[in-house]
Amino acid sequence: MDKINKMDTQYELLNKKIHQDCRSLSATMEQLQAMDIAFDHFKLKFLTNDQTVGSISSRYEVDKKKWTEAISNLQEKVKLMKSDYCQLSLEAHECVDSIPELNKMVFAIQELVKQCEDLKVKYNEEMKERKKLFNELQESKGNIRVFCRCRPLNKDEISAGCTTVLDFGAAKDGILTTIMPKKQFRFDRVYTPKDDQVDVFADASSMVTSVLDGYNVCIFAYGPTGAGKTFTMEGTELNRGVNYRTLELLFDLRKKRSDTFSYDISVSVLEVYNEQIRDLLATSSTTKRLEIRQGSKGSHHVPGVVEAKLENVKEAWDVLQAGSKARAVGSNNVNKHSSRSHCILCIMVMAKNLLNGECTKSKLCLVDLAASERLPKTDVQGERLKETQNINLSLSALGTVISALAAKSRHIPYRNSKLTHLLEDSLGDDSKALMFLQISPSDKDLDETLSSLNFATRVRGVVLGSGKMQVDTSELQKTKAMLEELEGQIELKTSMQNQSEKQISQLSEKLKIKEETCRKQEEKMKELEKKLKSAGTELSYASSAVEGTRVAKKGHSRSGPGA
């Protein structure tokens with residue numbers, strides 16, 4: 001019995017132990033299941049991390065290669081920039097070292113500028129003196145100068161057996177002699193039939209220069225029908241006359257004087273026909289009467305007239321052609337194509353002295369007068385008779401004005417005709433005048449020739465004085481030469497200074513740019529190195545995580561079979 005009780009007791013004890021072991025086994029199984037689940041989860045995480053590490057490694061290799069190349073390129077650029085920086089620094093130091101020399105140059109230039117200002121004052125004084133001397137020179141030759149030009153015999157005259165009644169043996173001395181009757185006439189210049197347009201204008205060019213100096217000038221051609229007035233003044237396209245050559249000279253002088261003067265040149269072309277004024281540049285026909293108005297300081301103008309502003313010689317020729325085509329012409333038994341009007345080319349010049357600001361306004365009148373004809377010779381009637389009477393009336397008024405000027409009358413009858421009224425400010429006090437007397441050499445025109453020669457002699461008597469003084473202009477030439485030399489030196493020194501300052505400025509700017517570029521490249525390198533370091537840290541962290549996962553997996557595999 002005791003044995004049974006003892007066995008029961010053992011059984012109960014064993015049973016309890018078995019229950020405890022079962023419970024322990026159950027707990028262990030649950031732990032094992034949990035570990036299996038955790039292992040599967042860890043295995044999945046490991047695979048995921050492995051893929052991530054692979055992706056990061058691949059990306060790291062690509063980025064590493066890219067950053068390595070970028071760093072290599074940047075290092076090369078930095079190396080080049082440092083080399084450039086050294087070169088620029090050297091150049092900058094050289095420029096800085098040259099500053100004392102530049103300061104000396106600046107001081108020298110300032111002295112030259114001061115001298116230049118003094119010379120400008122002297123130059124202005126010399127310019128005034130030159131104008132005065134030139135004016136006195138023109139006065140010494142006569143305020144109204146007379147050039148006599150004779151045309152050659154034409155084909156009709158040669159065919160008709162006409163002979164020359166003029167002797168040009170003393171033409172170089174300004175003397176013209178008529179053969180029958182034998183009589184001498186003295187003028188400022190006598191041109192033979194062999195002299196051309198160039199010869200004629202060469203002597204008249206000095207009068208044109210006076211316009212740019214602020215004087216009013218009048219150049220007019222006088223003579224009978226067919227004597228060559230229009231040819232002298234207008235010429236042809238291949239053999240151009242005084243009008244075109246005058247404008248050509250003005251534009252040439254404007255260009256040469258552009259450093260010290262500015263000139264505005266404009267022209268108008270007027271016609272006096274039957275004592276009526278017509279605008280030959282007007283584009284539309286109009287019946288409006290043009291009248292002369294008194295301006296300031298004795299000047300005259302015609303309101304409503306077209307004034308064409310000219311910039312070059314081509315424009316000038318176009319204007320001259322337009323005016324010539326619009327001019328009134330007619331015929332008589334002396335000449336098939338006779339100018340029936342007075343044609344006046346007015347050239348207005350506005351000048352400004354760029355050194356002292358002084359301004360002048362002057363006018364040059366180039367006049368092709370209508371033919372001077374005696375009524376019995378022209379054999380005209382009706383409207384042509386009226387034209388001839390008006391022409392002769394205006395020419396007679398011109399003669400009266402010239403006679404009054406010669407006699408130094410207190411009253412000059414400029415307003416007796418439209419022609420003289422228009423020319424009032426170009427035939428008066430401070431103006432200059434030149435008359436081209438056009439004559440024919442033919443014996444059949446002898447009466448007209450003698451009449452014209454006598455009229456021209458009367459014209460030449462107006463204020464014809466002897467030379468007032470002989471002025472030595474060598475000092476003026478020396479001063480001008482010295483001024484030009486100093487201006488050249490100043491220009492050279494200024495150019496050198498500007499070039500040095502520009503070079504220093506460019507070097508400084510390049511230096512700043514290089515320094516800024518180096519700074520940016522260094523910042524970029526630091527940023528790339530930082531990124532590279534960050535990527536390395538990230539890769540190291542990922543590698544550590546993978547390694548930890550592998551160790552855990554290996555430990556789990558070892559504990560699995562023992563369970």
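Every residue gets a Cβ built from N, Cα and C, even glycine.
According to TrEMBL, the features are:
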COILED    57-84  coiled coil
COILED    109-143  coiled coil
DOMAIN    143-462  domain 'Kinesin motor'
BINDING   GLY223, PRO224, THR225, GLY226, ALA227, GLY228, LYS229, THR230  ATP binding site
COILED    469-538  coiled coil
REGION    542-563  region 'Disordered'
* To do: State the mean pLDDT for the coiled coil (469-538).
  => 65
* **Cβ neighbours of THR230 (ATP binding site) where a neighbour is any other Cβ within 10 Å** => 22
* Residues near GLY228 (ATP binding site) in space but at least six apart in sequence (CB under 8 A) -> ARG149, ARG151, GLN438
